[in-house]
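Enquirer: My questions all concern the structure below.
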Amino acid sequence: AASYTDSSDDETSPRDKQQKNSKGSSDFCVKNIKQAEFGRREIEIAEQEMPALMALRKRAQGEKPLAGAKIVGCTHITAQTAVLMETLGALGAQCRWAACNIYSTLNEVAAALAESGFPVFAWKGESEDDFWWCIDRCVNVEGWQPNMILDDGGDLTHWIYKKYPNMFKKIKGIVEESVTGVHRLYQLSKAGKLCVPAMNVNDSVTKQKFDNLYCCRESILDGLKRTTDMMFGGKQVVVCGYGEVGKGCCAALKAMGSIVYVTEIDPICALQACMDGFRLVKLNEVIRQVDIVITCTGNKNVVTREHLDRMKNSCIVCNMGHSNTEIDVASLRTPELTWERVRSQVDHVIWPDGKRIVLLAEGRLLNLSCSTVPTFVLSITATTQASRALALIELYNAPEGRYKQDVYLLPKKMGKDV
């Protein structure tokens, strides 16, 4: 009988396995299909904490408002997003899904989705090559072409633009929910290369005020605790960025007794940090003394190799932004530095003089790589995603010319409905 930790052929790449679900389908690639039963239990537990999304499913499944929609998605694959995917399916959509982060997939949940008939291509610990292979398997399918994109970070959209630009002739719209992905959409729009309407969900009220703030306020502590077993009281922490994610991280750490510094380039956010009681600094001013460095800006190379060289021994470095480029991890992969994996998602990077830093999740998203996020909070965000999917159905059926090839904010009415 299968067990929760069933790891038969565990060292074998999922790409090399021949797996089928109980219906005989092999149109998926997950770590171990035998974990489906346990993933189903996690999904059922998540449903109990997601009343808004379940209400939407119950209210709209008779109407099938997404009938004819072929959605290709690239998001974190967790129990909560599984509830979203199954809701989209109940509303009439066909879906194919990959993960937007190589560490955030819950293998048992991916197995449960595959068992239910969803073409899912994702597992925890993918390589960079695996990551793009999984996205391609969702997009490049004989006899199936997407007409909607649900993206988190913009990698799926980027891949289609790069490899299959002609697909945009049939794609009716893009839904994007991360700072990084939205920035990439605005870049495309500014360059005149955005081929279809796109919905910016990251800046919606429900995403900013609930997911980004409250979700991160709880999950930053959980991620640090699970990986380092540390005590927060008295620790000196610098948080890079005081957007909604940064606000949540700072509030949580301050409440636990940490001494919190903030770096911020936006004058309004910087003033907010001061008014909230945090000392505003430049990273260079405190990098030698802090115990923890947390990035949450959505930008590249916020923490450079120079910063890493100057950190004190055993400084903990982690990222709460979407991309893995906020910390210049690539600069640490050099012959003079030694990498030592001490536990799952925790690496010691050791300098020749013996100094080491503690790098969490290789600079990727800490809370989804190393811990969990509150289901109720994600219910709000996931319902927002479903609302956006309904909005894209309007884009799909709208008369030509009603929507331009531009980036639109989620209508405020939909946020209120959520």
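Yeah, the Cβs are placed from backbone N, Cα and C, and that goes for glycine too.
Pasting the relevant annotations from TrEMBL:
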REGION    1-26  region 'Disordered'
BINDING   T78, D152, E177, K207, D211  substrate binding site
DOMAIN    212-373  domain 'S-adenosyl-L-homocysteine hydrolase NAD binding'
BINDING   G243, E244, V245, G246, K247, G248, E264, N367  NAD(+) binding site
Enquirer: In whole Å, note down how far the CA of E177 (substrate binding site) lies from the CA of N367 (NAD(+) binding site).
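Expert: Pair distance, Cα basis, whole Å: 17 Å.
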Enquirer: Going by C-alpha positions, which of the binding-site residues (V245, G246, E264) is nearest E177 (substrate binding site)?
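Expert: Result for E177 (substrate binding site): the nearest of the binding-site residues is V245.
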Enquirer: In sequence order, which residues at least six apart in the same chain have a CB under 8 Å from the CB of G243 (NAD(+) binding site)?
Expert: V179, N212, C269, C296, T297, G298
Enquirer: If I take every residue in the domain 'S-adenosyl-L-homocysteine hydrolase NAD binding' (212-373) and average their pLDDT values, what number comes out?
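Expert: Result for the domain 'S-adenosyl-L-homocysteine hydrolase NAD binding' (212-373): average pLDDT 93.
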Enquirer: Return only the integer: C-alpha distance in Å from G248 (NAD(+) binding site) to T78 (substrate binding site).
Expert: 21
Enquirer: Select one residue from G246, G248: among these binding-site residues, choose the one with the most other Cβ atoms within 10 Å of its Cβ.
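Expert: When each Cβ's neighbours within 10 Å are tallied, G246 leads.
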Enquirer: I'm trying to understand the geometry here, so how far is the Cα atom of D152 (substrate binding site) from the Cα atom of K247 (NAD(+) binding site), in Å to the nearest whole number?
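Expert: Counting only the Cα atoms, the answer is 21 Å.
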Enquirer: Looking at the binding-site residues E244, V245, G246, K247, E264, which has the shortest Cα distance to T78 (substrate binding site)?
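Expert: Minimum Cα distance from T78 (substrate binding site) across E244, V245, G246, K247, E264 lands on V245.
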Enquirer: Who sits close to V245 (NAD(+) binding site): which same-chain residues at least 6 apart have their Cβ under 8 Å from its Cβ?
Expert: N212, L213, C216, C296, M320, G321
